[in-house]
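**Q** Would you mind keeping the following structure in view while I ask a few things?
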Protein chains: 2
Amino acid sequence: MPQQLSSPSELATLVENYDTFLFDCDGVLWNGDAVIDGVIDVLRLLRSKEKSVIFVTNNATKSRKDYKGKFDKLGVQADVEEIFGSAYAAAVYISTVLKLPQGSKVYVIGMAGLEYELAQEGIISIGGTATEDNTLESFHLDTFEKDPNVKAVLCGLDTSVNYTKLSKAFQYLRNGEEECKFLATNVDSTYPVKGGLLPGAGSLSAVLSRALGREPLSIGKPGRTMLDCIRAKHDFNPARTIMVGDRLDTDIAFGKNGGVATLLVMTGVTSEKTLAEASSHALPDFVIDSLGDLRVLV
Amino acid sequence: MPQQLSSPSELATLVENYDTFLFDCDGVLWNGDAVIDGVIDVLRLLRSKEKSVIFVTNNATKSRKDYKGKFDKLGVQADVEEIFGSAYAAAVYISTVLKLPQGSKVYVIGMAGLEYELAQEGIISIGGTATEDNTLESFHLDTFEKDPNVKAVLCGLDTSVNYTKLSKAFQYLRNGEEECKFLATNVDSTYPVKGGLLPGAGSLSAVLSRALGREPLSIGKPGRTMLDCIRAKHDFNPARTIMVGDRLDTDIAFGKNGGVATLLVMTGVTSEKTLAEASSHALPDFVIDSLGDLRVLV
């Protein structure tokens with residue numbers, strides 16, 4: 001069972017034991033457009049103690065720069081270098097791990113933030129926000145010519161998804177991984193918005209998974225790729241690192257897959273009931289009601 | 001192992017042993033726009049012997065009337081009453097089995113043929129080809145008002161699929177089957193078109209399956225619902241009925257699920273290799289190279 005922390009001495013020990021704090025954002029720092037009470041003070045406290053503070057989000061519709069805009073708007077201090085989104089991690093993965101041949105292209109189901117991060121890493125992308133692929137007209141396979149330079153399809157959340165993009169992505173992927181890699185920024189089944197949930201990146205890539213009979217390599221939480229990406233930029237000692245999140249299946253699993261400690265906050269999607277019913281391998285090391293609870297240490 | 005039929009006496013026995021012939025269309029009667037050699041003569045022969053001839057297709061983009069247009073164009077005789085598509089079967093299922101309360105509506109991901117069949121059965125549909133839902137603009141959940149009369153979501157192939165339709169369907173289905181039924185015209189993962197395959201109805205409904213964590217009730221082959229629909233209109237003796245198709249996982253499985261005999265033709269998607277590697281429970285009773293082979297009996 002996870003250790004529930006509430007007394008000031010327990011909270012102080014938690015802060016002493018770790019040097020690097022990885023934070024999920026939505027449900028941990030804020031809910032929608034409302035910062036969770038005390039969070040700004042707590043982040044300031046951690047910085048004053050020279051802790052490394054890193055923000056890890058599966059949101060792939062925004063570049064890190066866009067995402068920093070959200071921090072700024074809500075008055076939460078963050079540097080772009082402290083923000084790791086699955087769009088950025090996907091771009092880093094493609095440029096440093098896949099190392100596609102010179103002139104290769106990536107076919108994108110996704111939005112401007114994802115295209116921006118790819119471009120920043122020097123990756124040529126097609127699809128995405130291109131006018132010709134943002135259409136509800138019929139797709140004609142018999143007149144479609146595949147671009148022979150497309151060596152990967154990258155699927156993220158795309159609120160302009162349509163049959164043309166899905167059909168093109170499917171054509172690129174049909175002949176198998178040798179010819180074209182199947183990547184997803186993340187496989188979250190849903191996506192939190194004002195008023196509830198909408199289908200997430202993992203639900204959109206499910207079209208391709210079903211049609212192809214195979215699953216994508218997912219870059220974001222809970223996979224290892226995102227953590228490898230963070231570590232390439234900010235070296236940290238896993239034994240002195242803790243992942244803080246509100247979701248067992250993404251955040252806590254991410255920390256556990258990466259061999260770091262895990263702290264669940266109850267300000268997001270996980271209810272007491274979900275926690276009580278979770279299987280033991282899914283449980284975090286520690287639980288606190290809210291990240292704001294650490295404010296007692298200020 | 002299935003019995004391979006080739007001699008005239010074997011073929012004559014096959015025709016004698018059955019009164020009702022259920023035919024898949026694409027890959028059996030024609031490939032794309034080319035009628036398979038001999039098929040027109042064979043259908044004429046069966047009719048001359050007073051056999052019942054029924055055409056069964058999972059294509060839900062066309063109404064039966066539209067589909068008859070394809071028969072006419074290719075010179076293959078068919079009455080609308082002999083044609084069963086999954087759009088029609090879905091409409092019959094909703095009107096006769098689901099029996100939704102008066103004033104209920106069905107939210108549709110699908111095309112004009114599906115809407116037409118629903119309307120013919122007196123079912124009110126929304127979504128589908130409605131202008132407001134055929135958009136690539138962002139979907140705003142906070143200003144979306146659910147229509148309280150929507151009691152089912154029906155997902156078919158929709159080449160104008162987009163995030164607004166997917167998001168609305170997801171909202172209707174989120175509170176479970178008690179509030180809103182999740183139906184699919186069929187769950188074919190791909191869809192044959194000129195030049196190859198595109199993502200099918202089952203790949204589109206996979207967005208909702210993934211987001212919801214549950215699968216739809218599928219009306220078309222290989223499920224039982226389509227056969228129940230046929231039987232409600234044309235009574236037949238299962239012991240004297242045979243399903244003829246080119247796909248093991250839809251056509252042959254459909255016949256086996258329905259307790260009728262099964263005949264595989266090798267003019268469609270199934271290769272000798274696929275047949276040789278298939279597990280015994282997936283195998284048909286009989287195999288012929290082509291439906292046109294029965295022409296020797298003319």
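Each Cβ is built from the backbone N, Cα and C atoms, and glycine gets one as well.
On a predicted model such as this, the values are computed, not experimentally measured, just so you know.
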**Q** If TrEMBL says B:D24, B:D26 bind Mg(2+), which of B:D235, B:D246, B:D249 does it name for the same site?
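**A** Same Mg(2+) site in TrEMBL: B:D246.
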**Q** Between B:K221 (substrate binding site) and B:D24 (Mg(2+) binding site), find the distance joining the two CA atoms and give it rounded to the nearest Å.
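**A** Here the two Cα atoms lie 10 Å apart.
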**Q** From the centroid of the CB atoms of B:D24, B:D26, B:D246, the recorded Mg(2+) site, which same-chain residues not already listed sit within 8 A by their CB, in sequence order?
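**A** Near the Mg(2+) site, beyond B:D24, B:D26, B:D246, sit B:C25, B:G27, B:V28, B:L29, B:G245, B:R247, B:D251, B:V265, B:G268, B:V269.
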**Q** Under 8 Å Cβ-Cβ from B:D26 (Mg(2+) binding site), six or more apart in the same chain: what's there?
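**A** Looking at Cβ-Cβ distances below 8 Å from B:D26 (Mg(2+) binding site), excluding near sequence neighbours, one finds B:G32, B:T57, B:N59, B:P192, B:D246, B:G268.
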**Q** If you count Cβ atoms within 10 Å of the Cβ of B:K221 (substrate binding site), leaving out that atom itself, what do you get?
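**A** If we count other Cβ atoms within 10 Å of B:K221 (substrate binding site), we arrive at 32.
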**Q** What is the Cβ neighbour count of B:D24 (Mg(2+) binding site) at a 10 Å cut-off, with all protein chains included?
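**A** Around B:D24 (Mg(2+) binding site), other Cβ atoms within 10 Å: 24.
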